[in-house]
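The structure appears below as structure tokens.
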């Protein structure tokens, strides 16, 4: 029966009830049943007029975003102050030996408090005999290959009273160690001066780092219950190491020391600005729609540290509870703007924190040798060529003279970037600084990031409220209005699509336009030709719809350039590529320069008027540059079609930049424009830095949100509804073997291997394969992940050396001197950690004589998974890097962090066309379900080599281990337990710094 109360009345009643609770001092009550009792017995009797039922009132408060409601709890507050997001995905259960949280905590205690376990107690200590080095709390045994070393660990009672050795636990999962403790059975009594020997045998046929831990459990002196009696523990941490010569050269140069983020930015009360690059020149595109600043609320900045602590919604202070509730509420149209705005603010606050890690102390600047107006200073910025940090023309940074850092009121100099050359930036500063400048003057430098992408995303969210976009962003149906007759014949520009029914189907539905106002999605798994399909659809729209005007976008410049290159073949005079003025013209492909806004005669970018741009049938931009068309207020009905390639890479607000203000949904007989999204939700999404935005949904692209949560795009018993979505099935890139695992894991086994047979089988007979005709190698390496200097990023010397060895085999010169059998351009090396990327590059360009001597070795790309998305190579090598420093870390619920990501795994293994080589720690990777499937696939098909493949832990051995460790409780050991692993957390801020993703440089 419908409620007799309106939503407004329900909301007003709820607000009066909330005030009623405040007046009675009961506003902290969250139990739903107790609140029901208060409402029915106390509040309703004092209400004065008929009041709605308790559940109806809660419903009114919930839909008004004024309460967070579960089956048992209720919390009242104003959600619209901050905004809310959707529930995080359920975490995967981890495979392997089932250990309770208690047991994991006890094992973690061993490693985390290892200094405590290494101390002798009651006069009992461990003597070590045999070849070893004591380093960082470990006994390091250096091994030559296939030569045995024996270490004796002698537990000696040096006290005055007897003790009892009750248990001995050797923790090791690798065959490099074997333990022998003689014939003495446990428990055994050790009188004063007596000892118990454990012989540790070490031998390996493989290079690597092999950890083990030995734990002795003893019963202290004295009668049970007397002073001094009780269980105590002593441990020793071992590591057998066999290095290759190359790995020995890659050891840490300096000990790792965590960087302290500067709390004292250089911006002071007095700021003097340099001269900005002249961007108004050649600019005829009128800006008539203002762009706000959209800074994060100051109060949100203050609350962020508390927000990150993980307090419960029902016990947190009210402001914190409000935000937390919003971060756990489903995304709906009614909260769309405020929710996504909150997430953007949180991401920006994390960016502000992360950018401080690039600040420089006491760095010199020099005069730019080229005499120009204005005079520029040159600053060396390591990493800027790789956008770490991103510095573009027009950006700014702050500099403070090193000699004035302790002055009471120093001047901060704001320098504007005029030019970027590799790792050098050229800056304009105020004339007062230039008048006193001499070469070599040193500065403290603070970097900033370009807020333009954030600002235009905020404006796009604002514009969603001005234009009726709900039927497009939260579609429920198609209006079924076609743009062309159903019997129209389409003559294809690319005849290859005729033999691909999925590509043909997608293209026809897009041209017909019957999906409107809902977006059409091209779901394109790796190598299936989604961009080819999208480009053909654009060409057909131009051909068959004479009044159509198209905006074609991608998140990246490379993606937009590719669209331009492929469209230009048949539409040379109909397209125009609009580049941002910060783009380095040297990076723009030569073949698209004639149809972009670069004026070669002027040597500068030009921006034609709105009237001129409207004459082109197709405009091509990045998503962010599309904001210039919004600022120019193109007519809302000018663009009939908006195509977004790589749509899965973009945050939803970023996709909105090219939609809100440029397209609307109209009445039923004219559904308005057609939005087309092409991408793959199973591959990497947007790169985010903030743990809260990662957890609560900003990582969802518009494409992935629709595919995941909207019924129109769900897969049914007969597949997807072709009126709204087409999944491409024919892979034109990879050998079937390389495609096998990702196909089964992520694409329901539907992908068909259609790559050219000659190309894909190029390495099936390569002598380096463990098994012929199986072009995948998993090379097991038990390495050690290291860090050095102030970089939190990990590297693994042994893996880097192994990768280098494979590269030498692959690129070995043929009979022609200096000419490689395989071009370095055809090879890619992927590693998730920035420091490992640096080490591998160092190996191939500096350390290895054979590789560094190749003329084109610099064409061999080494980079992160993100840097390879959308790319392919004949050969891909992957170094996974992470390993372990102790058995405890290795065998527990190890935090794989950056590796434990199905999308990242999928992208990494699907870049290869003909040969895939993975170098990593099989024992560690086997804890992840996807890596485990891949490992077993390699093992079963003969593609595994390297260190022995780990056997499964015997179930009874595991039970005995747990039973013994159950005695390791804090109450008996006197040591505190830990609910976390000793491994440094890889969520929150730590992960983004270890991986060090590129900073955005696409405008």
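A Cβ is built for glycine as well, from the same backbone N, Cα and C atoms used for every other residue.
Per Swiss-Prot, the features are:
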type     : residues                               : note
MOD_RES  : 148                                    : N6-acetyllysine
MOD_RES  : 432                                    : phosphoserine
BINDING  : 524, 525, 526, 527, 528, 529, 530, 531 : ATP binding site
MOTIF    : 645-648                                : motif 'DEAG box'
REGION   : 921-965                                : region 'Interaction with AGO2 and APOBEC3G'
REGION   : 968-1003                               : region 'Disordered'
MOD_RES  : 969                                    : phosphoserine
COMPBIAS : 976-985                                : compositional bias 'Basic and acidic residues'
MOD_RES  : 977                                    : phosphoserine
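Positions of Swiss-Prot features highlighted on the structure.
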| residue | record | contacts (Cβ under 8 Å, 6+ apart) |
| --- | --- | --- |
| 148 | N6-acetyllysine | 201, 202, 203 |
| 432 | phosphoserine | 272, 411 |
| 524 | ATP binding site | 530, 531, 533, 678, 679, 680, 728 |
| 525 | ATP binding site | 680, 682, 727, 728, 729, 731, 746, 747, 751 |
| 526 | ATP binding site | 680, 683, 731, 733, 734, 742, 906, 907, 910, 911 |
| 527 | ATP binding site | 731, 732, 733, 734, 755, 872, 910 |
| 528 | ATP binding site | 502, 728, 729, 730, 731, 732, 751 |
| 529 | ATP binding site | 500, 503, 728, 730, 732 |
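When pLDDT is averaged over the motif 'DEAG box' (645-648), the result is 96. Sorted by the number of other CB atoms within 10 A, the binding-site residues 530, 531 start with 531, the lowest. According to DSSP, residue 432 (phosphoserine) sits within a helical segment. The record gives 524, 525, 526, 527, 528, 529, 530, 531 for ATP. Within 8 Å of the mean position of their Cβ atoms, the other Cβ atoms in that chain belong to 680, 728, 731, 732. The residues of the motif 'DEAG box' (645-648), classed with DSSP into helix (H, G, I), strand (E, B) and coil, number 2 helix, 0 strand, 2 coil.
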